Amino acid sequence: MSEQTTAGLPKAIFLMGPTASGKTALAIALRQALPVELISVDSALIYRGMDIGTAKPSAEELALAPHRLLDIRDPSEAYSAAEFRRDALVEMAEITRRGNIPLLVGGTMLYYKALLEGLSPLPSADPEVRQRIEQMAGEAGWEALHRQLCDIDPVAANRIHPNDPQRLSRALEVFFISGKTLTELTKISGEILPYDVSQFAIAPASRELIHQRIEQRFHQMLASGFEAEARALFARGDLHTEMPSIRCVGYRQMWSYLAGETDYDDMVYRGICATRQLAKRQMTWLRGWKDVHWLDSEQPDAAYSRVLQVLSAKPG
C-alpha cells in the first residue's frame, strides 16, 4: 500500500529475517526504546515443550519483552496460516487499543504473506477426501499420486516433492473438493492488512556468515539439552514425523537418530544442513519482498539506529 492509502491507519512493524540472524535481540532492544509489543511470527515457536530446538526466547528475554503467540499449541496439533492470521489480527487490535504498536518478529514468511495479503479461498480439510487420498497412496504409492498431480496441476507438482505427503495430499485434496487447482486458487487474494506497516529484514551480509551462525547455534542447542528435550517428545508415543511439529528442522533429524535410523554425527550434520536449507528458503522469500528495509545482523547497533531512523521519518 502507498503512503496515501495507509494514511490514518494504525502502525505496525515487521521484523523478518532468516533463522539465526539476530531478530530476537533486535526486537528486545526496540521494546526498550519504543511503545511496541511483540508478536511471534514463527510456525515452530507455537509449540509447547519445544524450546531448545526452536531457539525460543529464554525466560530472561521474555521477561524483558513478552511475545504473544508463543506456546499456543501442543506438538500433536496443527496450526495453519489462516489460524495465524486470525490470531495475529486479534493480538494486533488489542495492542493498538492499548496505545502501542504491534512489532511482529519471526521468520515464517508464509505467515507474513497471509497477514499482508489475506488468504486465498482454499477449501477446509475434508477427512473423507483425505482418507481416500491416503488409501490411494497405500495402494499405488506417493510417487504415483505425484504423477497424477503433475497432470492436474503441474505448477504445484513442480514445487512439491514426491516424498512430501502432507503437501502432496493437500494439493490433491483442494482439487478433489473444489474442482480447481491449488495454483488457480492461490492467485485469488483475500483481505489486505488494515495497518500502515514498516517492514525490516535483518540478515548477515554473506551466505557464509549465515552458515557459520547456524552451525554455532545448532551446537549451542545440543549443549543446552536439545537431545533430552527431543527424547521427552519421542517418549510420548503420540508424535511422528508426518506432524508439522516434528517436521521442524532439527527435530526431524533428531527423531531419525532416536529411532536408530542414523548415528549422532550424521544427525548433527543433517540438522545443520536442514537449517541452512531453511535459511536459504527464507532469503529467497525476502529477496522478492517489496518495501523492505535491509539491516546487517553483523552490525546490531547500526541496525537498531536504522529502524529508529526509518520509523521517525514516517508521518503520524
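Quick reminder: no glycine exception, Cβ is built from N, Cα and C everywhere.
As recorded in Swiss-Prot:
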BINDING   Gly17, Pro18, Thr19, Ala20, Ser21, Gly22, Lys23, Thr24  ATP binding site
BINDING   Thr19, Ala20, Ser21, Gly22, Lys23, Thr24  substrate binding site
REGION    42-45  region 'Interaction with substrate tRNA'
REGION    166-170  region 'Interaction with substrate tRNA'
REGION    247-252  region 'Interaction with substrate tRNA'
SITE      Thr108  site 'Interaction with substrate tRNA'
SITE      Arg130  site 'Interaction with substrate tRNA'
In whole Å, how far is Arg130 (site 'Interaction with substrate tRNA') from Thr24 (ATP binding site) when you measure between their Cα atoms? 38
Looking only at C-alpha atoms, tell me how far Ala20 (ATP binding site) is from Thr108 (site 'Interaction with substrate tRNA'), rounded to the nearest Å. 13
Rounded Cα distance in angstrom between Gly17 (ATP binding site) and Arg130 (site 'Interaction with substrate tRNA') is 34
Pull the DSSP breakdown for the region 'Interaction with substrate tRNA' (166-170) and write it out as helix, strand, coil residue counts. 5 helix, 0 strand, 0 coil
Should anything in the same chain at least six residues away from the region 'Interaction with substrate tRNA' (166-170) have a Cβ under 8 Å from its Cβ atoms, list it; otherwise answer none. 125, 130, 133-134, 137, 142, 145-146, 149, 160, 182, 242, 244, 247
Between Gly17, Gly22, which of the binding-site residues has the fewest other CB atoms within 10 angstroms in the structure shown? Gly22
Applying the rule Cβ within 8 Å of the centroid of the Cβ atoms of Gly17, Pro18, Thr19, Ala20, Ser21, Gly22, Lys23, Thr24, what extra residues of the same chain belong around the ATP site? Gly107, Ile202, Ala203, Arg213, Ser297
Report, as numbers and ranges, which residues of the same chain sit near the region 'Interaction with substrate tRNA' (42-45): CB under 8 Å and 6 or more residues beyond its ends. 54, 56, 67, 69-71, 79, 84, 106-108, 110-111, 244-245, 248
Here the Cα-Cα span from Gly22 (ATP binding site) to Thr108 (site 'Interaction with substrate tRNA'), rounded to a whole number of angstrom, reaches 15
Around Thr108 (site 'Interaction with substrate tRNA'), which of the listed recorded positions (Pro18, Ser21, Lys23, Arg130) come within 10 Å, judging by Cα atoms? Pro18
Cβ neighbours of Ala20 (ATP binding site) where a neighbour is any other Cβ within 10 Å: 26
